[in-house]
Amino acid sequence: MSLKEKTQSLFANAFGYPATHTIQAPGRVNLIGEHTDYNDGFVLPCAIDYQTVISCAPRDDRKVRVMAADYENQLDEFSLNAPIVAHENYQWANYVRGVVKHLQLRNNSFGGVDMVISGNVPQGAGLSSSASLEVAVGTVLQQLYHLPLDGAQIALNGQEAENQFVGCNCGIMDQLISALGKKDHALLIDCRSLGTKAVSMPKGVAVVIINSNFKRTLVGSEYNTRREQCETGARFFQQPALRDVTIEEFNAVAHELDPIVAKRVRHILTENARTVEAASALEQGDLKRMGELMAESHASMRDDFEITVPQIDTLVEIVKAVIGDKGGVRMTGGGFGGCIVALIPEELVPAVQQAVAEQYEAKTGIKETFYVCKPSQGAGQC
């Protein structure tokens, strides 16, 4: 049963009438451009064919009812007439409440809504299940009440909800690619201007995501430390963000910086340049160059930004040994575990899957999870 059929059926059972709309918003994987988003830099993600789906209908009162199919059909209910505060027990509900509250704060006028939510974006894998939920909820209200919002505004609203209501710091990339993704394309995003450019993906190339299933523990504290180190670097150069520093300026004075901060800054500056070049390489179908850039990105995350772990490095090495210069592979996401992403000619996918199955668990004691994805369309009706 598809997520659409599942949510429509649950909706009719729970609320006693049929849903009028079904909306989807996808998860994402970032092909290159890691930790550049909060430095006002460039990222190159694509939306994937794992999504959050919401069957919904408008109400003629001010009540919001939300059922979470993936959390034992838990039901949250709140009123648009009262101040929206955090739910005491249901963490999932706070993503919904946060999006609704921040749409209100943006002076959007809308009435009540019934929703049933289900998704298949793997949670805790760094594939943006939370952003896909935020964008899906924003798109529901925009569609049901014809709100004057474009995809970028729905994305910004989701980011605001996550930062201010849920209380989790995040950049804008995850929401933006979920809202604006384009089938068979990646999206080069300028995280300062929020300008986007669709970049066509080479034909016959699979987007493979492999979850190391190494439990991320340091991710919150270390993420904040990296952010602070980048801000320290920007202050040293008297610039609003590292986006504004050139590699030449950095090289001239790198010795004056704290050695750790210097390594962090070097990663951001080189990663930004790699990301812009990667968009051109992809567009030209130059998988060899794309593979080189992904390898450089991984080495920079490992050695300069220091956010990889041995399990992730092992996975990357196993895949690289199979694909050689026919594709690319690197860690993706915040770091300290999570996933790797690989661009692999479709005919090599079985060999990669076999090599990983034979070697990864033997070397690490952990079983991986293997996803073959297609670059997919952003949020909308389904």
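Yeah, the Cβs are placed from backbone N, Cα and C, and that goes for glycine too.
On a predicted model such as this, the values are computed, not experimentally measured, just so you know.
These features come from Swiss-Prot:
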SITE      R28  site 'Transition state stabilizer'
BINDING   E34, H35, T36, D37, Y223  substrate binding site
BINDING   G124, A125, G126, L127, S128, S129, S130  ATP binding site
BINDING   S130, E162  Mg(2+) binding site
ACT_SITE  D174  active site, proton acceptor
E162 (Mg(2+) binding site): tally of other CB atoms within 10 A of its CB: 24
Residue from E34, H35, T36, E162, D174 whose C-alpha is spatially nearest that of L127 (ATP binding site), among the recorded positions: D174
When distances run from the Cα of E34 (substrate binding site) to each of the binding-site residues G126, S129, S130, E162, the nearest one: G126
Using Cα positions only, nearest of the binding-site residues to G124 (ATP binding site) (T36, D37, Y223): Y223
Distance, S128 (ATP binding site) to D174 (active site, proton acceptor) (CA atoms, angstrom): 6
Set of same-chain residues at least 6 away whose C-beta sits under 8 angstroms from D37 (substrate binding site): V43, G171, I172, M173, I189, C191
By Cα-Cα distance, the member of recorded positions R28, S128, S129, S130 nearest E162 (Mg(2+) binding site): S130
D174 (active site, proton acceptor): tally of other CB atoms within 10 A of its CB: 29
